[in-house]
Amino acid sequence: MIKEKGWNRLLTRLLFTGPTLFAFVTVMIVPFLYGIYLTFTNWDGISTTQSYVGFQNYGEVFRDAVFWKSFGLTLQYVFFSVVLINAVAFALAYVLTKGLKGQSIFRAGFFLPNLVGGIVLGFIWQFIFSNVLVYFGQQAGIPIFSASWLADPDKAFWSLVIVTVWQYAGYMMVIYVAGLMGVPNDILEAASIDGANGWTKLRRMVLPLMVPSFIVCIFLSLQRTFMVYDVNLALTKGGPFKSTEMVSMHVYGKAFLSRDYGVGQAEALVLFVLVAAITLIQVYFSKKLEVEA
Amino acid sequence: MVGSRSSSAAWLKYVVLAVTLFLFIVPFILLLLNSFKANQDITANPLSLPGRLDLANYTNAFDKMNYIAAFTNSLIVTVASVLIIALCAAMTAHYFVRNNTKFNQYTFLLMVASMIIPFQAIMIPLVKVYGSLGMLNSKLSLIYMYLGFGSSLAVFIYHGFVKSVPAELEEAALIDGCTRRQTFFRIVFPVLAPTTATISILNVLWVWNDFLLPSLILTGPAQRTLPLSTYNFYGTYSVDYGPLMAGLVLTILPVIVVYLFAQKYIIRGVMQGSIK
């Protein structure tokens, strides 16, 4: 590369990296660091000053039973959602890479929910669960649908899981499709000639070769489900009786509704550390499963 | 015999797929059907077909949602953010690849690592910092924040592709008397067009539908984007189902229209965005 000199070089640098880095630092890094500082203060959201309170907020986080209940609930929700999202997505992708006629139309259809924001999806399903299914259940005499799922704590939880799976399955399907198209056909044919049936080929060849796609999809679904907010807000608003209040909504409420900013931010950081640990452990261990064709 | 068995298996597969697809999109169909019905018809039987194409719900929702204003706000924020992210990130990624100093390497690593930070860990201090600077309730601030939040992933994806652009191409241009800037805009950026498309598609889906960040930044009614105005509309008129359904259809409509034309590119964009 030909080197520029002096002023010109600095100018190029500023022009090429200046706007991005300035925005990155002021929007991501500064608030992140300032957020760590905030957890050691008792800021109430209104006053211009705040005083240093040491580790008091963190003590509060560990005593906040509602936070940990909400965190446990989120863990359950994340577990079921991630497993189901990836199972449905992989099954769809597997069927839709077999060269069926019209498979691209099917793919496009399954992807549809991803075009729409969580708020709108949540409202649509709120209508489905509390009107359509109730009507259907009463007319067809199916007791499980006769009362709104959103009014029952257990069923409301599963409603949230169902909507989440429905929302993300199509997105992950697209990633699995990309992975499956990269599985070389010749080794599958060679296996067929050697007498391997469809199930053996799937288990022994396709699944091991698909590990990179699984890593990406599980990482993405972990991140998105841990941080669920929009769908949670629009579908159940955390109800009934906070039985579906996921941890992101709890943090929001703590800070912006209870005006307990120090504790809210401390909870947000605890959440960040736990989620980062879980996702990195997942990536680290699944990397070891990778094979080459 | 084998032939007939495999063809009936193929049929079965089609039927199962078609039923699954139907279950996937039936919420949208029900939404559309009910958006034409009066409130009492919806509560009486949400599965019935609308008697006629009554657009009263739509005109009602259109007014109460301030649809034109919200749509314009969403459009401005999305278009500006997506263009700025693409341009700035491409330049930065290019600079990082061609000036591979220690400082640039660490900066790049910091950006990649920052992608693990969820928005929820930043939102509280973000609101405090920008609130005290008096920068809330402005679309410009929001666009600026999208650049900050979106640049990491975009720089990361561009970084991978810039490496595949031969440096000789640029050196030839520099020898011919082009400046760094001219080389970037006339040679590198056009070569990166497919990557720009991928990144822009991912960003459009994100920014257009985002709720939490704009709900914290855009505090006044006049600045509301479509998701905010939908949420607000739903909260205010939660008993009258007809206009609500119409409002949701109006919110979805723009993306569906774009999807009909750009479906192939959107799916491909998601695929390529994930491979990196």
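Numbers here mean position along the shown chain, with the first residue as 1.
In case you wondered, yes, glycine gets a Cβ from its N, Cα and C as well.
Annotations in TrEMBL come from automatic prediction, not curation.
Summarising the annotation, TrEMBL assigns transmembrane segment to A:21-40 (among others).
The feature domain 'ABC transmembrane type-1' is assigned by TrEMBL to A:71-282.
Summarising the annotation, TrEMBL assigns transmembrane segment to A:77-96 (among others).
For the transmembrane segment (A:108-136), same-chain residues at least 6 beyond its ends with a Cβ under 8 Å from one of its own Cβ atoms are 92, 96, 142, 145-151, 159, 162-163, 166-171, 173-174, 228-236. The transmembrane segment annotation in TrEMBL covers A:108-136 (among others).
Residues or ranges marked as transmembrane segment by TrEMBL: A:156-183 (among others). Same-chain neighbours of the transmembrane segment (A:156-183): 73, 76-77, 80-81, 84-86, 88-90, 92-94, 96-97, 107, 110-114, 118, 121-122, 125, 129, 149-150, 205-206, 209-210, 212-213, 216-217, 220-221, 224-225, 228, 231-232, 235-236, 239-240, 243-244, 246, 293, counting only residues six or more beyond its ends whose CB sits under 8 Å from a CB of the stretch.
Taken from TrEMBL, the feature transmembrane segment applies to A:204-222 (among others).
Marked as transmembrane segment by TrEMBL: A:268-285 (among others).
Residues 35-36, 39, 58, 61, 71, 215, 218-219, 222-223, 226-227, 247-248, 251, 255 of the same chain lie 6 or more positions beyond the ends of the transmembrane segment (A:268-285) yet place their CB under 8 Å from a CB of it.
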